[in-house]
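Below: the structure, in structure tokens.
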Amino acid sequence: MQLLKKINYRIALIALIIVVQLLWGTLFLMDFVGNREWISVMLSILSLMVVLFLNMKEENASYKIGWIILIMTLPVFGGLFYLLFGNKRPSGFMRLRLLRSHERIHPLLPKSKEVLDKLKKEDDRAHGTAKYVAKKNDFPLYEKTDVKYYPVGEEMFSDMIKVMEKAKHFIYLEYFIVEEGLMWNRMLEVLSGKVKEGVDVRMIYDDVGSMFLLPNDFVKKVEAAGIKCMAFNRFRPILSVVMNHRNHRKILVVDGHTAFTGGINLADEYINEKMRFGHWKDTGIRLKGEAVKGFTLMFLEMWNAFRSDAVDPLALPEVLYDPSSFTAKGYVQPFSDSPLDDEPLGENIYIEILSQARDYVYIFTPYLIIDNELQSALCLAAKRGVDVRIVTPGIPDKKLVFRITRSNYMPLLKAGVRIYEYTPGFIHAKSYVSDDDIGVVGTINMDYRSLYLHFECGALLYGHEVLKDLKKDALETFHVSKEIKKGDLKETLPARIFDALLRLFAILF
């Protein structure tokens, strides 16, 4: 009860500060604009300059056009709106720190030319994708990695605990959402015990993602247990572009030999211990083997960028693998996506899978707020005769966002894409599987914030045996979901107009 009071107090205080800023700013501008015509002219000129700036930038056309339309719709305030909420580039401080950290980590990543050449002989299309990701993202392609797929969060959580209990050297955690409850309390119990055994435990969580879920003294409490803890990009209750960039990644690495990733955060709904929107379906994977190094260095790149107690990756215990111990065939390529550049790597990976598909592409996503490039890729694949199916939630977590999601169905249905809504509840999984030979499991939603503004991660799977498990889960999920037909989307004229207005602001979601 005391924790709830602290959280509610923080929510109320932050909300009050932001509302006061918005009211003050609105009244101030209205007063100036209403009484001084030149202010209105100056703000309109600012909006025009922002439009010209956007038009000159080398970035995704749909993202630019979306903002240009919004700015021109609101010519007086549109430019300010973009500067606050639309600028993709992180602040100079964040950008410099991350780039310096990347420069230190990059040379430690193994080169994968031999592995890439081997993949090329087996699958030239997959080789092209892997080569692009390796060149753009610096994360290589790996063999000798066993992968286990989890169709629900509770199964993954059980294995996470088992692996952490066996840790000897280090445990690294990086999550968007952490909430005190059965899941986190059990993890804290294990982590605290491992600290007493001399294991180095470090944790990153996103301050905004967990803002209303944790007490103010969370970091202090966790560090009192010996766990080194960092809140990423701490929220400041001021209107600032810096708050756009959130760490949406989900990573657990143990001793450099085992890693977990996927859609699962550290809160009870992810393991169905708390019912919020019916059954919560989430997915994830466990990696064992060489590809784990990618996730270890991914975590350290973020940690070392902002902490004085940086970890020297060369000082970590070396993990040696017996090649004969790996039973699974195939390749794994961990990757991260960030707003540090103007290239949406996650979206490009999705488009690559769609453009290369021959038989099928099965997709799980909680949101379907996509730009023209991704919509075109989905439609073209379906028009080529590829069986493209998408599963979205049956019970949404955000009704307005779900309305925008549904407003994007019709063009896809007309092209032949099949869309299902997960009848038992909410699907939070983010995965693609195609043609039994390529797939991706990670944290990247099909929405603008994930594709353009957030720090994300995932694992590409090429020719890996685990892909059959992704396909099996997709087929089983279709059976418990409702397929949406064109007739299900009949709306009145006012509703269609409302949806069109909502899509103007889709760029914010």
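Just so it is clear, glycine is given a Cβ too, placed from its N, Cα and C backbone atoms.
In TrEMBL, annotation is done automatically, which means it is predicted and not curated.
Noted in TrEMBL for the protein shown:
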TRANSMEM  12-32  transmembrane segment
TRANSMEM  38-55  transmembrane segment
TRANSMEM  67-85  transmembrane segment
DOMAIN    243-270  domain 'PLD phosphodiesterase'
DOMAIN    423-450  domain 'PLD phosphodiesterase'
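Long-range neighbours of the domain 'PLD phosphodiesterase' (423-450) within the same chain, counting only residues 6 or more positions beyond its ends whose Cβ lies under 8 Å from a Cβ of the stretch, are 63, 66, 123, 126, 129, 149, 176, 246, 248-250, 261-264, 270, 276-285, 337, 346-347, 349-350, 353-354, 356-371, 374, 391-397, 401, 456-464, 467-468, 470-471, 474, 477, 480-482, 506-509. The helix, strand and coil residue counts that DSSP assigns across the domain 'PLD phosphodiesterase' (423-450) are 3 helix, 13 strand, 12 coil. Residues belonging to the domain 'PLD phosphodiesterase' (423-450) score a mean pLDDT of 97 in the model.
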